[in-house]
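According to Swiss-Prot, the protein has these features:
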type    : residues                       : note
BINDING : THR162, GLY183, ASP205, ASN248 : S-adenosyl-L-methionine binding site
Amino acid sequence: MKWSELSIHTTHEAVEPISNILHEAGASGVVIEDPLDLIKERENVYGEIYQLDPNDYPDEGVIVKAYLPVNSFLGETVDGIKETINNLLLYNIDLGRNHITISEVNEEEWATAWKKYYHPVKISEKFTIVPTWEEYTPVHTDELIIEMDPGMAFGTGTHPTTVLCIQALERFVQKGDKVIDVGTGSGILSIAAAMLEAESVHAYDLDPVAVESARLNLKLNKVSDIAQVKQNNLLDGIEGEHDVIVANILAEVILRFTSQAYSLLKEGGHFITSGIIGHKKQEVKEALEQAGFTIVEILSMEDWVSIIAKK
């Protein structure tokens, strides 16, 4: 079987939405070539465990690659992808060069091309993310292992926005807490909360592809008894009192439900937000404060920001 490798040269800000667009279009495997990963390995104790090849990374910007089957619908699929990516401009997302190229690869090349980019990654004091095909032995007795399949939708959990969220969850989720995960994507934040001994985790996403992906990942990590995922538009129709709400989505989306998040939290509960590009930090911070929150901490990694707020 023949596969097309779709390569998109873009910005850090656009990586996650473009990756999601590619998965929704039917991509089987997505690769992110980010030169900052090379710097991270040298500077950050939580960097890649394995050596990275600088020749695989661009000099500037980020390259997102996706693999699509060659069929009679390919041209139509690619046109749809281009149109949807261009629509991100409506959300003031910088697409950078937005240069798209297409090349053909065979079955064997496709099967191994994207796997070389993924290895076990320690992203916090407790959590290590491991691709499903890797054999990995925990280094510490209290290490928590999240298994992810990068061939499935919505990435592997090593993007800075996800790392910031998991590090925050590790600090603020207590045993017995009730947690909401808004815009769950892969479900990785719900998995982390469940492994941190939350009593219950309710994950929501409007996209049915994300819901199915999250459901599979919850099952893979054996936390389906604690965490459940449902299709829902943000926090619409959700009731009850919760200890932690986490949302790793675009800043523009977070702005839509800050008041709802406040009303659903117990007194003293925390709202962990991420997916916020640096220049939108102040806008989100002000919206949280206007909703009644107190800002506890603002964390940053590369171009991204996570804001932790308390009711």
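Positions of Cβ are set from backbone N, Cα and C atoms, glycine also.
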Cβ neighbours within the same chain of GLY183 (S-adenosyl-L-methionine binding site) - under 8 Å, at least six residues apart: TYR204, ASP205, LEU206, ALA210, LEU234, ALA247, ASN248, ILE249, VAL253
Local backbone state of GLY183 (S-adenosyl-L-methionine binding site), from DSSP in three classes: coil
Structural state of ASN248 (S-adenosyl-L-methionine binding site), classified by DSSP into three states: strand
All-chain count of other Cβ atoms within 10 Å of THR162 (S-adenosyl-L-methionine binding site): 26
Among the S-adenosyl-L-methionine-binding set THR162, GLY183, ASP205, ASN248, as the record gives it, the longest Cα-Cα distance in Å: 16
